[in-house]
């Protein structure tokens, strides 16, 4: 069987390194290019182990190795154009992933999407590119991977599951003052810091609802979210005739990663026992997760969705640095949305980036104000 070529963008992050774990277990895929931001030592180890020949460095760091090193403002696009890989795993986190996704769609045959912000902020740009190019877009998020596997043309509703985050059992009055150490103890998954905080606020699940609208072309009303404590059911499809499809698996991101790489085939990663299974589904409490319910305000506006993401980036960073309390995160987002509301809808990438930059500035001012009154 002919080897397929793979580029991993954001290789040193959580999804990137777990993709490498999958590559160690499967055959038929050769890693030809990577990008990373600042983790030089890990990048060097990856280049050596996988004999990577092309590296994009997006951070302001010095990097020397046996591979060709691409630098500069268009390095990622230039490498992608030169390699034209069969598969690109977009594991870049944050808003910068939007440019990475568009470059991957332009130059790859399949894009494995692990970046939420690209669809939240630039879904219209992604769908525009998909119409222009003959390229597959396969979701990597466990919830969207699950729905992708069982969805049918006619669905009554889909259900995305949520763990509820580290504070799901805390008294409501104590949540306000939770510390980063409290929040980073996720009950199910092992993830990066920002996404773990976003899980506790359920901003992450708000992103995933918006992603599902884009990926599956579903109206907001057909997407539901339930708290599922066991972390075993990742997606549910409810059909008009009363049938319900669910995807069960251990909470291991290597499962959806491998599926996105090998689709429609599957990797042999292990078995799953049904003997001791217990599952539960609970509604989302608006008092516990106020940021999640901002979805109703932002769902139909890419400008507000972009501002929502920008404000969350700023607020989570401030929380992790001890500048604001946990309860301040949703307040930063709310006040930023108030100031962005009424902005014209973006029509291209540059306008999305302008809104994101402006929203970040607003959120930073709100954060400074909150910090000053709480200190």
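Backbone N, Cα and C define each Cβ position, glycine as well.
Listed features, source Swiss-Prot:
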BINDING   12, 13, 14, 15, 39, 115, 117, 192  NADPH binding site
BINDING   116, 142, 143, 163, 186, 199, 204, 205, 208  1-deoxy-D-xylulose 5-phosphate binding site
BINDING   141, 143, 208  Mn(2+) binding site
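Sequence features annotated in Swiss-Prot and their locations in the structure.
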residue	record	Cβ contacts under 8 Å, 6 or more apart
13	NADPH binding site	91, 92, 93, 192
15	NADPH binding site	89, 91, 114, 140, 253, 257
39	NADPH binding site	12
115	NADPH binding site	10, 90, 91, 92, 93, 94, 97, 98, 100, 101
116	1-deoxy-D-xylulose 5-phosphate binding site	97, 141, 204, 207, 208, 211
117	NADPH binding site	94, 95, 97, 98, 207, 309
Practice task
Could you say which of the binding-site residues 12, 141, 186, 204 has its Cβ with the most other Cβ atoms inside 10 Å?
Solution key: 141
Completion exercise
Longest inter-residue Cα distance for the NADPH binders 12, 13, 14, 15, 39, 115, 117, 192, rounded to the nearest angstrom, is 22
Exercise for the section: Could you tell me the maximum Cα-Cα distance in Å between the residues recorded as binding 1-deoxy-D-xylulose 5-phosphate, namely 116, 142, 143, 163, 186, 199, 204, 205, 208, rounded to a whole number? Expected result: 19
Problem - Long-range Cβ environment of residue 143 (1-deoxy-D-xylulose 5-phosphate binding site), under 8 Å and at least 6 residues apart - result: 160, 161, 208, 212, 234, 235
